[in-house]
Amino acid sequence: MDRFLFLTLDGLSRGAVYAAFALALVLIWRAGRIVNFAQGAMAVAAAYVAYSVTAATGSYWLGFGAALLAGLLLGAVVDIAVMRLVDHRSPLNPVIVALGLVLLIQAVLGMVYGNEYLPAQTPFSRSALTVGGTAVLSPYDLFVFATVGVVGAALVWIFTRTAIGLRMRAAAFAPEVSRLLGVNVGGMLTLGWALASGVGALAGMLVIPTELGLHPHAMDLVFVSAFTAAVIGGLDSPPGAVVGGLGVGLLLSYVSGYAGGDLIPLAVLALLMTVLLVRPGGLFAPVTARRV
Amino acid sequence: MSATRAAARPGRATAVESTRPRRAVPTLLRHLAVAAGVALLVLMASYQLDSFRNFQLATVAAYLCATAGLTVLTGLCGQLSLGHGALMATGAYALALTQSAFAERGLIAGGWLIVSLVVAVLATVVVGAVVGVVAARLRGPYLAGLTLAVAVVVPALTVTFDGVFNGEQGLPVPVAPAPAGLGLYFPHERWQLWVAAAATLLCLVLLANLVRSRYGRSFRAVRDDEVAARLAGIHVARTQVIAFVVSAASAGLGGALLAVLAQRVSPGAFGLTLSLFLLMAVVIGGLGRLAGAVWGAFLLVALPDLTHSLTNLFTLSPAAAQRLEGNVPLAIFGGTLIVVMIAAPGGVQGLLSRLTGALRARWPVRRS
C-alpha cells in the first residue's frame, strides 16, 4: 500500500510535467492547427540556455528565468522566421518543416555542447519526505506541482480574463472576421507560439533533472508521452490535456514501479495505439464523423 | 477543403504522367531494360572505383530501398511516416537473428543470405501491417505522432529485451565471403556492392511496376481525394494498408542490406535521426517520384562524406572535430529540409522537371 501511494504521488508529479507539455502542444494546435513536433527540441534548447546561465552566474533561478525567456523568444522566432512562410494548404508541410527544425536544433546543440549527458541541477532536494514512516513527496515534487499550477492558472487567466486573450481566441476561431474587426491575427499567432514555447521550456526545465540529464535528445520520449497525453485529452481541449497528462504520468509510474522502467517506451506506444484506435478524437472531444 | 488539399500536393506532375499516351513498349519490359542498363553501369563502376567508393555505393543502394518505399507511401499515397527508421531496424535485426541461427547450424554458404533477406522482409511486413492497420484510420498530425512514437520506441525495445537483441551492443551479422569462384583476391566491398545493387534493383523494378499498375493509380487517387476515390470504387483503408505494407517491406529490405554491409546491427544506427534523414531524403529528392528517391539516397551518403572532408580542411582540436563531424550533416539536412519545403516543395526532381519543362516550352522539340 505504501508503495502504491508513493507510485501514485510520483506519477502525479511526473504527470504534471506531461500536462504542461501537452498544454503547450494544445495551445499551438488551437492557434494554428499545427502540432509542433519541434516542441521537444525547442524545450531542450531553452534548458541548455539555462545550463549556460547557471554555469556563468552560479544561480539556478537566473538560469530558470533565462530558460523561460529563451523559450518565449524561440517560439516567436520560429513562427516569424519559419512557420509563417510555409504553405499550410497541405497538412504535411508544417509537420515536415517542424521535423527539419528538430534536426537543426539538435545538431546546433550537439555542436555547441557536445552529445554527452550533462548534469542538470534541481533547486530543491529530490529525496522524498517521510510522513509517519511512509515515503511521500519530495520538495522538488511540490515545486513541480506549484509551478505547473501557477502556469495553468496564468494561462486560464490570460485566455478568459484579458483583452489580449480574447483577441487570441478570436484570431484562432475566425481569422478573417477578426482581421476585419482590427485584430492583428498574425501577431496573435506569434504570441500563441511564444506562449506555448515558453510553457514547453518550463516543462523541459522541470522534467530534465528527473531523467538522465541534459542531452540534445533528452525530450524525445517526453515529447511522445506528452503527445499521447494531448491526444487522450483531444488535441483541442486544455483541460483534456491536463487530465491526459496526469493519466499518462500515473500509468507510466505504475508500469515502471511494478513491471520495470525498461518497459516505459513500450507502454507509451501501446497506450498511444490503443487511444488512437478506440477514441482517435480523444476522451474530451465531441464525436465527429470523418468524411471518407 | 479536399480540393484545396489536392491542389497543394507537391506531386502534381504525376497527374500529367498518367494522362500521357501509352507507349508501344510494355511497362515491365521498359523497366527491366532500364534495370539491366543500370546493372551494367554498376558492374562497370564496381571495377573502376576503389573499395571505399564501392562500399559507399552499396550503402546508397541500401538507403535507396528505404527511400523508394517511403516515396511510394508519402509521395504517392499521401501518408506521412516518420517510422521508417524503425522498420529498417526491424529488417536489420531479423536478418541478424536469422543469419546467426544459420551460422550456429553451420549453414554459412552465401545462398542462405537470400533466405535471411526474405525472412527480414517478411518480418518487416508483419510489423508494417500492424502499424499500417492503425495508420489507415489516422490523418495528418495523428499519423505523424504515431509513427514518431514508433521511431522513438522501437530502437529502445532492443534494450528492453536485451536477452534477444543484446541491448546497446547489438548483434554481429555473420556474412559469407565472396564466392571462391570469383578469385582469391576479389575485394569484399565489390561483392557487397553486387549483392546490395542486385537486391535494390529487384526492389525498384517491383516498385516501379506497382506504381504504374492499378494499385499505383489507386494510391494516387486516394492521395488526391479520398471521397472521390471512394466513389470510384476504391477501398480507401485497404489501399492505404497495402501502401504501408509495400513501403515497410522495402524499408525492411534496406535495413537488412545495411546490416549485411556493416556486418553488425546496433540500436544507435536506427534512432529517430535515421527516420528523419529518410524523410528529408525523399522530400529533398522530390516527393511522388521514384527518381527523387535516388537523389535522396545519394544525398544521405554524400553529405556526411562531404562535411567530413570539409572539417578536415580546418585544424581543429579532436573533441571539436568530433562534435562538428557528427552534427554538421544533421544541421545541413535540417536547414535544407526547411528551405526546400518553403522554397521548392517539389524537391530536386521537381526543379529538374520544371527546368526541362521550361526549356521544352521555349524550344519545342519537333517530333515526326
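Backbone N, Cα and C define each Cβ position, glycine as well.
Database features, via TrEMBL:
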TRANSMEM  A:12-29  transmembrane segment
TRANSMEM  A:36-54  transmembrane segment
TRANSMEM  A:60-83  transmembrane segment
TRANSMEM  A:95-114  transmembrane segment
TRANSMEM  A:142-160  transmembrane segment
TRANSMEM  A:181-208  transmembrane segment
TRANSMEM  A:214-235  transmembrane segment
TRANSMEM  A:242-260  transmembrane segment
TRANSMEM  A:266-287  transmembrane segment
Cβ contacts under 8 Å made by the transmembrane segment (A:12-29) with residues that lie 6+ beyond its boundaries: 35-36, 39, 43, 137, 141, 144-145, 148, 151-152, 155, 192-193, 195-197, 199-200, 202-204, 206-207, 210, 222-223, 225-227, 229-230, 233, 235-238, 240-250, 252-253
Remote residues contacting the transmembrane segment (A:95-114) - C-beta distance under 8 A, at least 6 residues beyond either end: 34-38, 40-42, 44-45, 48, 51, 78, 82-83, 86, 214, 216-217
Same-chain residue ranges lying at least 6 outside the transmembrane segment (A:242-260) that approach it to Cβ under 8 Å: 3, 6-8, 10-23, 152, 225-226, 228-233, 267-268, 271, 282-284
Two-stretch contact, the transmembrane segment (A:60-83) and the transmembrane segment (A:36-54), at least three Cβ pairs under 8 Å: yes
Long-range environment of the transmembrane segment (A:142-160) - Cβ separation under 8 angstroms, sequence gap at least 6: 12-13, 16-17, 19-20, 23, 27, 123-124, 168-169, 195, 199, 202-203, 206, 238, 242
Remote residues contacting the transmembrane segment (A:214-235) - C-beta distance under 8 A, at least 6 residues beyond either end: 15, 17-19, 21-22, 24-26, 29, 35, 37, 39-41, 43-44, 47-48, 51, 105-107, 109-110, 113, 115-120, 203-204, 207-208, 241-245, 247-248, 252, 264-265, 268-269, 271-272, 275-276, 280-285
Outside the transmembrane segment (A:266-287), six or more residues from its ends: residues with CB under 8 Å to it: 221, 224-225, 227-228, 231-237, 239-240, 243-244, 248, 251-252, 255
